[in-house]
Amino acid sequence: MGKEKIHINIVVIGHVDSGKSTTTGHLIYKCGGIDKRTIEKFEKEAAEMGKGSFKYAWVLDKLKAERERGITIDISLWKFETGKFYITIIDAPGHRDFIKNMITGTSQADCAVLIVAGGVGEFEAGISKNGQTREHALLAFTLGVKQLIIGVNKMDSTEPPFSQKRFEEITKEVSAYIKKIGYNPATVPFVPISGWHGDNMLEASTNMPWFKGWKIERKEGNASGVTLLEALDCIIPPQRPTAKPLRLPLQDVYKIGGIGTVPVGRVETGVLKPGMIVTFAPSNVTTEVKSVEMHHEALQEALPGDNVGFNVKNISVKDIRRGNVAGDSKNDPPMQAGSFTAQVIILNHPGQISAGYAPVLDCHTAHIACKFAELKQKIDRRSGKKLEDDPKFLKSGDAAIVEMIPGKPMCVESFSDYPPLGRFAVRDMRQTVAVGVIKGVDKKAASSGKVTKSAVKAGKK
């Protein structure tokens, strides 16, 4: 066994009919964790449904159906391997809660793969004012996904098929609009592909002899290649934030007989170790960590990305709950937010939003109503430049700086300090009406909280 490959998370974005599912299905199918038996079963079912209907998308539809029904499917089905990386597709749109997931997401994507359809009239539909292509790309950039790969799909259905002119036209237009969003097109590979036929997916296509390959320039090093797989292999692996202070948002708190209280969550930044004195905000409870476990094995330290359970001393299940954040009591401990300033982008709200609006915010694992206390300024969502002070209201498409006040105690952080705790989705009318990034937090000095005896004792050591 060689050295373990690096794990990378990607998110696949693009318009409904761009062929995302087929393209993603193709990668998972050819390089992924789906075993032969499952594939044969899918193929047989597809053949029974009318033989031509088997496409790679079928694989994804089966997986999606299982995901939607709440069956925890074997997560390896959403993984595939490249020469350098193990890649996990953390979400693909078309899923009801895609936008919310992308924000509160179980993990941050290291790279977004944007699929645009090259077929006649299709590209135009996806890129039109209300097409989702723009919204998804804007969202990815706003949420800190700084690497982008573009697959110009369905090259087999251009006029004429595999048209160089069409590919160049689309590349030019997409470059212009990702540049407006904030991406630098020189760093973005554009790959002409057919997710169904497999052109330029894993192997260079013989149908496009004119395509000499993609080239990118970036300060971390230039790269070039021909296929989509090679482009994925050129992703720059993220620096995992182990050096930052600990932040661990709780997903659940269990009471386990004979052990005691066990909070469960994902380490977002920093390191969690047995023996540490942790503080939970906004509950303001401090105690000692007795042990840390992942997949029923004791750990000496848990790192960013690890989903762990940890046993805490002298704390009841009533003291802490989902949405609380654990941190190191001696190193920038988490605190309750009295209020915070955020940059929000209104995505789809049927009316006008004015001061006093109080929707529910989903930020990390917290789910709390927050009031838009003050609309400070309307800004240009691309450049961030101020357009007007104290706007009376905001509508779909607007970006603004707002002051927000949580309706109940809540712990959030600025995006620049702790990214996963600094981005949120605004939910109303069962949909995501806005997304936001926290610029600054007014932290509330807590009145004396509960400090357990074990914490006091361990603190004296």
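Cβ coordinates come from backbone N, Cα and C, glycine included.
Copied over from Swiss-Prot:
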BINDING   14-21, 91-95, 153-156  GTP binding site
DOMAIN    5-242  domain 'tr-type G'
MOD_RES   Gly2  N,N,N-trimethylglycine
MOD_RES   Glu301  5-glutamyl glycerylphosphorylethanolamine
MOD_RES   Glu374  5-glutamyl glycerylphosphorylethanolamine
REGION    14-21  region 'G1'
REGION    70-74  region 'G2'
REGION    91-94  region 'G3'
REGION    153-156  region 'G4'
Long-range Cβ neighbours of the region 'G4' (153-156) (under 8 Å; 6 or more residues past either end): 18-19, 22-23, 115-119, 122, 162-163, 166-167, 192-197, 199-200, 205, 207-208
Residue pair Lys20 (GTP binding site), Glu301 (5-glutamyl glycerylphosphorylethanolamine) - Cα distance, angstrom, rounded: 38
Counts of helix, strand and coil residues, the region 'G4' (153-156), according to DSSP: 2 helix, 1 strand, 1 coil
Minimum Cα separation from Glu374 (5-glutamyl glycerylphosphorylethanolamine), reported as the residue among recorded positions Gly14, Met155, Glu301 that achieves it: Gly14
Pairwise CA distance, Glu301 (5-glutamyl glycerylphosphorylethanolamine) versus Gly14 (GTP binding site), rounded so that it is a whole Å: 38
Three-state secondary structure, which DSSP defines for Glu374 (5-glutamyl glycerylphosphorylethanolamine): strand
Cβ-Cβ neighbours of Glu301 (5-glutamyl glycerylphosphorylethanolamine) (radius 10 Å): 13
Confidence summary (mean pLDDT) of the region 'G1' (14-21): 71
